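Input: a single structure, listed below in C-alpha coordinates.
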Amino acid sequence: MLACLPVGAAIKAAPYRQHRYFPPCFTWTETRLSMSVALRAQLLLFLISLSSRMGLTRYIEDSDAADGIYSLLSFAQKRESEDFIFRRPLRCLDMLATEGYFTFVASRPQLACAAFVIAEPNEVISLELSDVNIDCSAGDFIKIFDGWVLKGEKFPSSHDHPLPPHERYTDYCSSMAPGLSSRSSQNVAMIFFRIHSPDSGFTLAVKKMHNPMPCNIMSQSPEGSFTMVIPHQRTNCSFSVIYPVEIRLTELSLGEAKSNEIRPLRQMWSGCSGSGDYVELLGGNGVDTSKMIPVADLCFSPSGLAQMKIGCDNSVVRLVSSGNYINRVSFQYRLLDQNELPKTRENSLEDFCRME
(Lines of atoms letter the chains of each structure in order from A and count residues from 1; the text may use other names and numbers.)
(Lines give C-alpha, C1' and ligand atoms only; values in the text may rest on other atoms or scores of the structure.)
Protein backbone atom coordinates (compact mmCIF):
# COMPACT_ATOMS: atom_id res chain seq x y z
CA MET A 1 0.00 0.00 0.00
CA LEU A 2 1.53 3.32 -1.04
CA ALA A 3 0.43 6.61 0.39
CA CYS A 4 1.79 10.02 -0.55
CA LEU A 5 1.17 12.81 1.93
CA PRO A 6 2.88 16.02 3.05
CA VAL A 7 4.43 17.00 6.33
CA GLY A 8 1.78 17.71 8.94
CA ALA A 9 -0.64 15.04 7.68
CA ALA A 10 -1.17 11.91 9.74
CA ILE A 11 -2.33 8.98 7.66
CA LYS A 12 -2.04 5.44 8.95
CA ALA A 13 -3.12 1.99 7.90
CA ALA A 14 -6.17 0.98 9.85
CA PRO A 15 -7.15 -2.58 10.79
CA TYR A 16 -10.55 -3.94 9.86
CA ARG A 17 -13.20 -2.80 12.31
CA GLN A 18 -16.88 -2.01 12.47
CA HIS A 19 -18.15 1.53 13.00
CA ARG A 20 -21.36 3.05 14.18
CA TYR A 21 -22.84 5.41 11.61
CA PHE A 22 -25.10 8.43 11.98
CA PRO A 23 -27.17 10.39 9.44
CA PRO A 24 -24.74 12.59 7.51
CA CYS A 25 -24.75 15.73 5.39
CA PHE A 26 -22.65 17.18 2.56
CA THR A 27 -21.97 20.22 0.39
CA TRP A 28 -21.57 19.47 -3.31
CA THR A 29 -18.99 21.09 -5.59
CA GLU A 30 -18.64 18.38 -8.21
CA THR A 31 -19.29 19.16 -11.86
CA ARG A 32 -22.08 17.05 -13.33
CA LEU A 33 -20.83 13.96 -15.17
CA SER A 34 -22.82 11.34 -17.02
CA MET A 35 -23.45 7.79 -15.80
CA SER A 36 -20.63 5.49 -16.93
CA VAL A 37 -21.12 2.55 -19.25
CA ALA A 38 -19.28 0.23 -16.86
CA LEU A 39 -21.63 0.90 -13.95
CA ARG A 40 -24.76 0.47 -16.08
CA ALA A 41 -23.45 -2.81 -17.47
CA GLN A 42 -22.50 -4.00 -13.97
CA LEU A 43 -25.98 -3.33 -12.63
CA LEU A 44 -27.67 -5.05 -15.57
CA LEU A 45 -25.46 -8.14 -15.39
CA PHE A 46 -26.08 -8.35 -11.64
CA LEU A 47 -29.84 -8.35 -12.15
CA ILE A 48 -29.63 -11.01 -14.84
CA SER A 49 -27.42 -13.10 -12.53
CA LEU A 50 -29.91 -12.67 -9.70
CA SER A 51 -32.77 -13.81 -11.91
CA SER A 52 -30.75 -16.84 -12.95
CA ARG A 53 -30.11 -17.90 -9.35
CA MET A 54 -33.81 -17.54 -8.61
CA GLY A 55 -34.73 -19.71 -11.59
CA LEU A 56 -36.51 -16.85 -13.33
CA THR A 57 -34.51 -16.49 -16.54
CA ARG A 58 -37.16 -18.34 -18.48
CA TYR A 59 -39.17 -15.11 -18.26
CA ILE A 60 -36.37 -13.07 -19.85
CA GLU A 61 -36.19 -13.78 -23.56
CA ASP A 62 -33.02 -13.13 -25.55
CA SER A 63 -34.57 -10.25 -27.45
CA ASP A 64 -35.47 -8.39 -24.27
CA ALA A 65 -32.11 -8.99 -22.66
CA ALA A 66 -30.31 -7.71 -25.74
CA ASP A 67 -32.61 -4.71 -25.92
CA GLY A 68 -31.87 -3.89 -22.28
CA ILE A 69 -28.12 -4.18 -22.74
CA TYR A 70 -28.05 -1.98 -25.84
CA SER A 71 -30.30 0.53 -24.13
CA LEU A 72 -28.11 0.81 -21.06
CA LEU A 73 -24.85 0.95 -22.97
CA SER A 74 -26.13 3.62 -25.33
CA PHE A 75 -27.92 5.64 -22.66
CA ALA A 76 -26.94 9.30 -22.42
CA GLN A 77 -28.40 11.47 -19.73
CA LYS A 78 -30.69 14.11 -21.24
CA ARG A 79 -31.61 17.54 -20.00
CA GLU A 80 -35.03 18.30 -21.37
CA SER A 81 -36.55 21.76 -21.75
CA GLU A 82 -39.03 22.81 -19.10
CA ASP A 83 -42.01 22.55 -21.45
CA PHE A 84 -41.18 19.02 -22.61
CA ILE A 85 -42.15 15.92 -20.59
CA PHE A 86 -39.97 12.92 -21.32
CA ARG A 87 -41.83 9.59 -21.67
CA ARG A 88 -40.75 6.09 -22.59
CA PRO A 89 -41.56 2.46 -21.72
CA LEU A 90 -40.03 1.02 -18.55
CA ARG A 91 -38.11 -2.22 -18.97
CA CYS A 92 -38.03 -5.12 -16.54
CA LEU A 93 -34.34 -4.37 -15.95
CA ASP A 94 -33.66 -0.66 -16.26
CA MET A 95 -31.50 2.31 -15.32
CA LEU A 96 -33.07 5.77 -15.06
CA ALA A 97 -31.00 8.95 -14.88
CA THR A 98 -33.47 11.52 -16.21
CA GLU A 99 -36.81 12.92 -15.12
CA GLY A 100 -39.96 11.77 -16.87
CA TYR A 101 -42.74 9.20 -17.02
CA PHE A 102 -41.92 5.53 -17.50
CA THR A 103 -44.71 3.04 -18.19
CA PHE A 104 -44.42 -0.70 -17.74
CA VAL A 105 -46.91 -3.11 -19.36
CA ALA A 106 -46.30 -6.84 -18.95
CA SER A 107 -46.48 -8.93 -22.11
CA ARG A 108 -45.95 -12.11 -20.04
CA PRO A 109 -45.15 -12.93 -16.39
CA GLN A 110 -42.28 -10.78 -15.13
CA LEU A 111 -41.22 -12.05 -11.73
CA ALA A 112 -37.86 -10.39 -10.99
CA CYS A 113 -37.79 -6.79 -12.20
CA ALA A 114 -35.94 -3.76 -10.86
CA ALA A 115 -35.11 -0.24 -11.99
CA PHE A 116 -32.19 1.73 -10.56
CA VAL A 117 -32.62 5.52 -10.40
CA ILE A 118 -29.73 7.96 -9.96
CA ALA A 119 -29.55 11.75 -9.75
CA GLU A 120 -26.82 14.36 -9.38
CA PRO A 121 -24.98 14.45 -6.03
CA ASN A 122 -26.92 17.54 -4.87
CA GLU A 123 -30.34 16.07 -5.72
CA VAL A 124 -32.86 13.72 -4.17
CA ILE A 125 -35.39 11.65 -6.09
CA SER A 126 -39.18 11.65 -5.95
CA LEU A 127 -40.90 8.52 -7.27
CA GLU A 128 -44.66 8.42 -7.80
CA LEU A 129 -46.85 5.56 -9.04
CA SER A 130 -50.01 6.06 -11.09
CA ASP A 131 -52.32 4.01 -13.35
CA VAL A 132 -51.45 0.92 -11.32
CA ASN A 133 -53.09 -2.26 -12.59
CA ILE A 134 -51.73 -5.26 -10.66
CA ASP A 135 -53.23 -8.09 -8.59
CA CYS A 136 -51.69 -8.06 -5.14
CA SER A 137 -53.74 -11.13 -4.10
CA ALA A 138 -52.08 -13.10 -6.91
CA GLY A 139 -48.56 -12.28 -5.72
CA ASP A 140 -47.95 -9.11 -7.72
CA PHE A 141 -46.08 -6.33 -5.92
CA ILE A 142 -44.42 -2.96 -6.42
CA LYS A 143 -41.92 -1.74 -3.83
CA ILE A 144 -39.86 1.45 -3.76
CA PHE A 145 -36.56 1.36 -1.87
CA ASP A 146 -34.75 4.37 -0.41
CA GLY A 147 -31.29 3.59 -1.79
CA TRP A 148 -29.87 0.75 -3.86
CA VAL A 149 -29.59 -2.99 -3.28
CA LEU A 150 -26.68 -4.54 -5.19
CA LYS A 151 -25.16 -7.98 -4.68
CA GLY A 152 -27.30 -8.42 -1.58
CA GLU A 153 -25.89 -5.26 0.05
CA LYS A 154 -27.66 -1.98 0.72
CA PHE A 155 -26.45 1.50 -0.09
CA PRO A 156 -26.50 3.47 2.10
CA SER A 157 -25.59 0.97 4.78
CA SER A 158 -28.20 0.24 7.45
CA HIS A 159 -25.75 1.79 9.93
CA ASP A 160 -25.47 4.93 7.81
CA HIS A 161 -29.10 5.59 6.87
CA PRO A 162 -31.40 7.75 9.05
CA LEU A 163 -34.26 5.22 8.74
CA PRO A 164 -34.40 1.61 9.95
CA PRO A 165 -34.34 -0.95 7.11
CA HIS A 166 -38.07 -1.75 7.16
CA GLU A 167 -38.99 1.94 6.84
CA ARG A 168 -36.89 2.33 3.70
CA TYR A 169 -39.40 0.23 1.71
CA THR A 170 -42.64 1.73 0.39
CA ASP A 171 -45.02 -1.11 -0.56
CA TYR A 172 -47.91 -0.41 -2.92
CA CYS A 173 -49.82 -3.53 -1.92
CA SER A 174 -49.67 -2.59 1.75
CA SER A 175 -51.00 0.91 1.19
CA MET A 176 -53.38 0.22 -1.72
CA ALA A 177 -53.61 3.97 -2.29
CA PRO A 178 -54.60 5.14 -5.81
CA GLY A 179 -51.22 6.85 -6.10
CA LEU A 180 -48.11 6.06 -4.11
CA SER A 181 -45.10 8.37 -3.74
CA SER A 182 -41.73 8.20 -2.04
CA ARG A 183 -38.80 10.56 -1.67
CA SER A 184 -35.22 9.34 -1.36
CA SER A 185 -32.75 10.47 1.29
CA GLN A 186 -29.86 10.59 -1.19
CA ASN A 187 -29.18 10.67 -4.93
CA VAL A 188 -30.12 7.03 -5.56
CA ALA A 189 -33.34 5.02 -5.27
CA MET A 190 -34.83 1.93 -6.88
CA ILE A 191 -38.09 0.12 -7.52
CA PHE A 192 -38.75 -3.64 -7.40
CA PHE A 193 -41.80 -5.18 -9.02
CA ARG A 194 -43.35 -8.54 -9.88
CA ILE A 195 -46.30 -8.92 -12.25
CA HIS A 196 -47.90 -12.21 -13.29
CA SER A 197 -50.67 -11.25 -15.72
CA PRO A 198 -50.16 -9.89 -19.25
CA ASP A 199 -51.36 -6.33 -19.88
CA SER A 200 -50.94 -5.45 -16.19
CA GLY A 201 -48.61 -2.61 -15.26
CA PHE A 202 -48.12 0.91 -13.94
CA THR A 203 -46.57 4.29 -14.66
CA LEU A 204 -43.62 5.63 -12.68
CA ALA A 205 -42.98 9.38 -12.48
CA VAL A 206 -39.38 10.35 -11.71
CA LYS A 207 -38.67 13.85 -10.45
CA LYS A 208 -35.51 15.35 -9.02
CA MET A 209 -35.31 18.04 -6.35
CA HIS A 210 -32.43 20.13 -5.07
CA ASN A 211 -30.93 18.90 -1.81
CA PRO A 212 -29.09 21.65 0.11
CA MET A 213 -27.50 19.07 2.44
CA PRO A 214 -26.71 16.03 0.25
CA CYS A 215 -25.51 12.83 1.87
CA ASN A 216 -24.42 9.27 1.04
CA ILE A 217 -23.52 10.05 -2.54
CA MET A 218 -23.06 7.43 -5.24
CA SER A 219 -20.86 8.96 -7.92
CA GLN A 220 -22.01 8.71 -11.53
CA SER A 221 -18.44 8.90 -12.80
CA PRO A 222 -14.96 7.58 -11.94
CA GLU A 223 -13.51 11.07 -12.19
CA GLY A 224 -14.42 14.32 -10.50
CA SER A 225 -14.07 16.39 -7.33
CA PHE A 226 -16.15 16.88 -4.22
CA THR A 227 -16.29 18.77 -0.93
CA MET A 228 -17.92 17.38 2.21
CA VAL A 229 -18.82 19.58 5.17
CA ILE A 230 -20.30 18.59 8.53
CA PRO A 231 -21.35 21.64 10.60
CA HIS A 232 -21.53 20.82 14.33
CA GLN A 233 -23.37 17.51 13.82
CA ARG A 234 -22.52 14.05 15.06
CA THR A 235 -22.69 12.37 11.67
CA ASN A 236 -20.72 10.40 9.09
CA CYS A 237 -20.54 11.55 5.47
CA SER A 238 -19.60 9.06 2.75
CA PHE A 239 -18.85 9.50 -0.93
CA SER A 240 -18.81 6.26 -2.90
CA VAL A 241 -17.14 5.60 -6.28
CA ILE A 242 -17.76 2.15 -7.82
CA TYR A 243 -14.37 2.01 -9.51
CA PRO A 244 -10.70 1.55 -8.58
CA VAL A 245 -9.50 5.14 -8.25
CA GLU A 246 -6.76 7.39 -7.02
CA ILE A 247 -8.01 9.79 -4.35
CA ARG A 248 -6.22 13.09 -3.76
CA LEU A 249 -7.17 15.13 -0.71
CA THR A 250 -6.83 18.82 -1.56
CA GLU A 251 -8.19 20.40 1.62
CA LEU A 252 -8.80 19.14 5.13
CA SER A 253 -10.07 21.14 8.08
CA LEU A 254 -10.81 19.16 11.24
CA GLY A 255 -11.62 20.21 14.77
CA GLU A 256 -12.57 23.86 14.32
CA ALA A 257 -13.93 24.49 17.79
CA LYS A 258 -17.01 26.51 18.64
CA SER A 259 -16.40 29.81 20.39
CA ASN A 260 -15.34 29.49 24.05
CA GLU A 261 -14.88 25.74 23.64
CA ILE A 262 -11.70 24.00 24.75
CA ARG A 263 -10.12 22.01 21.96
CA PRO A 264 -8.97 18.46 22.92
CA LEU A 265 -5.25 17.71 22.75
CA ARG A 266 -4.21 15.58 19.78
CA GLN A 267 -1.53 13.93 21.91
CA MET A 268 -4.30 12.22 23.89
CA TRP A 269 -5.93 10.66 20.84
CA SER A 270 -5.73 6.90 20.45
CA GLY A 271 -5.08 6.99 16.72
CA CYS A 272 -7.35 8.91 14.38
CA SER A 273 -10.41 6.93 15.39
CA GLY A 274 -9.94 8.07 18.96
CA SER A 275 -10.15 11.72 17.94
CA GLY A 276 -13.82 11.56 16.99
CA ASP A 277 -13.10 13.78 13.95
CA TYR A 278 -11.24 12.24 11.03
CA VAL A 279 -11.34 11.18 7.39
CA GLU A 280 -11.30 7.50 6.52
CA LEU A 281 -10.58 5.85 3.17
CA LEU A 282 -12.41 2.56 2.58
CA GLY A 283 -12.12 -0.12 -0.07
CA GLY A 284 -14.26 -3.14 -0.92
CA ASN A 285 -16.10 -5.05 -3.61
CA GLY A 286 -19.60 -4.30 -2.30
CA VAL A 287 -21.62 -1.15 -1.64
CA ASP A 288 -22.23 -1.50 2.12
CA THR A 289 -19.66 0.80 3.75
CA SER A 290 -19.98 -0.98 7.11
CA LYS A 291 -18.59 -4.13 5.45
CA MET A 292 -15.68 -2.45 3.70
CA ILE A 293 -12.02 -2.49 4.74
CA PRO A 294 -10.62 0.72 6.29
CA VAL A 295 -7.54 1.41 4.18
CA ALA A 296 -6.24 4.50 5.99
CA ASP A 297 -7.34 7.37 8.21
CA LEU A 298 -6.29 11.00 8.35
CA CYS A 299 -6.72 13.23 11.37
CA PHE A 300 -4.24 16.07 10.91
CA SER A 301 -4.81 18.90 8.46
CA PRO A 302 -2.26 18.53 5.65
CA SER A 303 -0.31 21.52 4.39
CA GLY A 304 -0.40 20.07 0.87
CA LEU A 305 -1.89 17.14 -1.02
CA ALA A 306 -2.38 13.63 0.32
CA GLN A 307 -3.18 10.85 -2.11
CA MET A 308 -3.75 7.11 -2.26
CA LYS A 309 -4.60 4.50 -4.90
CA ILE A 310 -7.37 2.04 -4.03
CA GLY A 311 -7.68 -0.88 -6.44
CA CYS A 312 -11.14 -1.96 -5.28
CA ASP A 313 -14.46 -2.17 -7.10
CA ASN A 314 -15.75 0.44 -4.64
CA SER A 315 -13.71 3.28 -3.12
CA VAL A 316 -15.11 5.52 -0.39
CA VAL A 317 -14.10 8.76 1.31
CA ARG A 318 -15.79 8.95 4.72
CA LEU A 319 -15.79 12.00 6.98
CA VAL A 320 -16.50 11.24 10.65
CA SER A 321 -17.60 14.04 12.97
CA SER A 322 -18.04 14.15 16.74
CA GLY A 323 -20.49 17.04 16.42
CA ASN A 324 -18.24 19.45 18.32
CA TYR A 325 -16.67 21.15 15.32
CA ILE A 326 -17.10 22.20 11.71
CA ASN A 327 -15.28 19.58 9.63
CA ARG A 328 -14.49 19.86 5.94
CA VAL A 329 -12.66 17.75 3.36
CA SER A 330 -12.16 18.37 -0.36
CA PHE A 331 -10.82 15.73 -2.71
CA GLN A 332 -10.34 14.74 -6.34
CA TYR A 333 -10.61 11.25 -7.77
CA ARG A 334 -9.68 9.60 -11.07
CA LEU A 335 -9.96 6.14 -12.58
CA LEU A 336 -6.82 4.02 -12.34
CA ASP A 337 -5.35 2.86 -15.63
CA GLN A 338 -5.03 -0.89 -16.15
CA ASN A 339 -1.26 -0.76 -15.70
CA GLU A 340 -1.73 1.07 -12.37
CA LEU A 341 -3.74 -1.75 -10.81
CA PRO A 342 -1.46 -3.66 -8.41
CA LYS A 343 -1.09 -7.40 -8.75
CA THR A 344 -2.95 -9.52 -6.20
CA ARG A 345 -1.28 -11.82 -3.71
CA GLU A 346 -3.55 -14.58 -2.47
CA ASN A 347 -4.39 -15.19 1.20
CA SER A 348 -3.31 -11.72 2.27
CA LEU A 349 -5.79 -9.42 4.01
CA GLU A 350 -3.58 -6.41 3.29
CA ASP A 351 -3.89 -7.07 -0.45
CA PHE A 352 -7.69 -7.40 -0.34
CA CYS A 353 -9.17 -5.60 -3.36
CA ARG A 354 -5.68 -5.20 -4.86
CA MET A 355 -4.96 -2.14 -2.74
CA GLU A 356 -1.78 -0.22 -3.46
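Just so it is clear, glycine is given a Cβ too, placed from its N, Cα and C backbone atoms.
Because the structure is a prediction, the values reported are computed rather than measured.
Record source TrEMBL places CYS136 in a disulfide bond whose other cysteine, from CYS92, CYS173, is CYS173. When you check TrEMBL, the disulphide partner of CYS272 from the set CYS237, CYS299 turns out to be CYS299.
Which of CYS25, CYS92 pairs with CYS113 is settled by TrEMBL: its disulfide partner is CYS92. The two recorded residues, CYS136 (disulfide bond) and CYS237 (disulfide bond), show a Cα separation of 38 Å.
In sequence order, ILE134, CYS136, ASP140, PHE141, ILE142 are the residues near CYS173 (disulfide bond), counting only same-chain partners six or more apart with C-beta under 8 A. Spacing of CYS312 (disulfide bond) relative to CYS237 (disulfide bond) is 20 Å (Cα to Cα, whole number).
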